[in-house]
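*Asks:* For reference, Swiss-Prot lists these features for the protein:
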- G35, L36, S37, G38, A39, G40, K41, T42: ATP binding site (BINDING)
- 2-247: domain 'ABC transporter' (DOMAIN)
Amino acid sequence: MILFNNVNKVWPNGKQVLKNITLEINKGELVAVIGLSGAGKTTLLKTINKINDISSGEIIIDFDKTKDHYEITKTRGKKLQKLRQKIGLMSQEYNNIANKTVLQNVLNARVSSQKGINKIIGFFKREDKLIALNSLNKLNLLDYAYIRADNLSGGQQQRVALARTLAQQPFLIIADEPVSALDPILANQVMKDFKNINKKDGITVIINIHHVDLAKKYATRVIGLNNGEIVFDDVPSKLDAQAMKKIYGE
């Protein structure tokens with residue numbers, strides 16, 4: 001569960017990008033956040049793992065399986081590091097190492113679980129390799145395991161990035177415009193991957209997305225932002241012309 005209670009964010013130049021954000025996101029939801037560029041979508045996501053600090057209000061995260069409780073404004077040091085290990089973060093950039101194989105790229109998600117010399121030299125235990133291979137298998141990417149990342153298409157590279165995120169074994173995935181650089185067919189495939197992970201693994205997923213049609217097709221809930229405020233929060237079927245006008249204006 002993620003609780004935003006009257007959250008505000010003001011940049012040093014005085015521009016307020018989040019205004020009185022109050023919402024609750026429950027375990028197992030697939031939430032699409034939509035709105036114009038500059039509406040506050042990316043800032044909202046980056047407050048969850050404290051990449052962006054908030055100016056006022058509170059954000060509380062509870063992970064049911066581990067019973068870990070985080071008050072974000074008070075979370076720092078090792079506890080913040082522990083929180084970030086539980087949250088998979090994706091963006092429109094693939095962040096793959098071009099001259100490494102797909103498997104090597106996915107294994108990078110396991111670096112934080114290594115200790116001592118193993119962490120320095122990049123030696124991974126059998127257990128970590130099985131986790132990485134299982135993540136590739138979930139996305140039907142096993143056949144690409146020993147192919148270099150720079151030999152893949154953009155859609156395949158984004159799916160490798162998703163496999164790497166899965167290998168992190170997160171409780172929550174937040175994705176910032178993960179399909180913005182993809183053509184419609186590949187964008188649908190990646191969104192379908194998110195949907196399958198959400199349903200089969202029970203991982204909560206929050207996605208910033210410009211494609212309203214994809215938000216309506218794959219999300220269980222849509223949040224619309226306009227000028228830093230929540231102006232829509234409902235199931236996709238309620239996203240009618242009136243709601244779109246609130247989110248995007250005339």
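Just so it is clear, glycine is given a Cβ too, placed from its N, Cα and C backbone atoms.
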*Asks:* Rank the binding-site residues L36, A39 by the number of other Cβ atoms within 10 Å of each Cβ, and give the residue at the low end.
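*Replies:* Comparing Cβ neighbour counts within 10 Å for the binding-site residues L36, A39 gives L36.
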*Asks:* Under DSSP, is T42 (ATP binding site) helix, strand or coil?
*Replies:* helix
*Asks:* Across all the protein chains here, work out how many other Cβ atoms are within 10 Å of the Cβ of K41 (ATP binding site).
*Replies:* 25
*Asks:* At 10 angstroms around each C-beta, which of the binding-site residues S37, T42 has the fewest other C-beta atoms nearby?
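*Replies:* S37, out of the binding-site residues S37, T42, has the fewest neighbouring Cβ atoms within 10 Å.
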*Asks:* What mean pLDDT does the predicted model reach across the domain 'ABC transporter' (2-247)?
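*Replies:* Here the mean pLDDT over the domain 'ABC transporter' (2-247) amounts to 93.
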*Asks:* Just name the most isolated of the binding-site residues G35, G38, G40, going by other Cβ atoms within 10 Å of its Cβ.
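*Replies:* The binding-site residues G35, G38, G40 were compared, and G38 has the fewest Cβ atoms within 10 Å.
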*Asks:* If you take the centroid of the Cβ atoms of G35, L36, S37, G38, A39, G40, K41, T42, the listed ATP site, which other residues of that chain have their Cβ within 8 Å of it?
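*Replies:* Other same-chain residues near the ATP site: L225.
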*Asks:* Going by DSSP, is G35 (ATP binding site) sitting in a helix, a strand, or coil?
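*Replies:* In three-state terms, G35 (ATP binding site) counts as coil.
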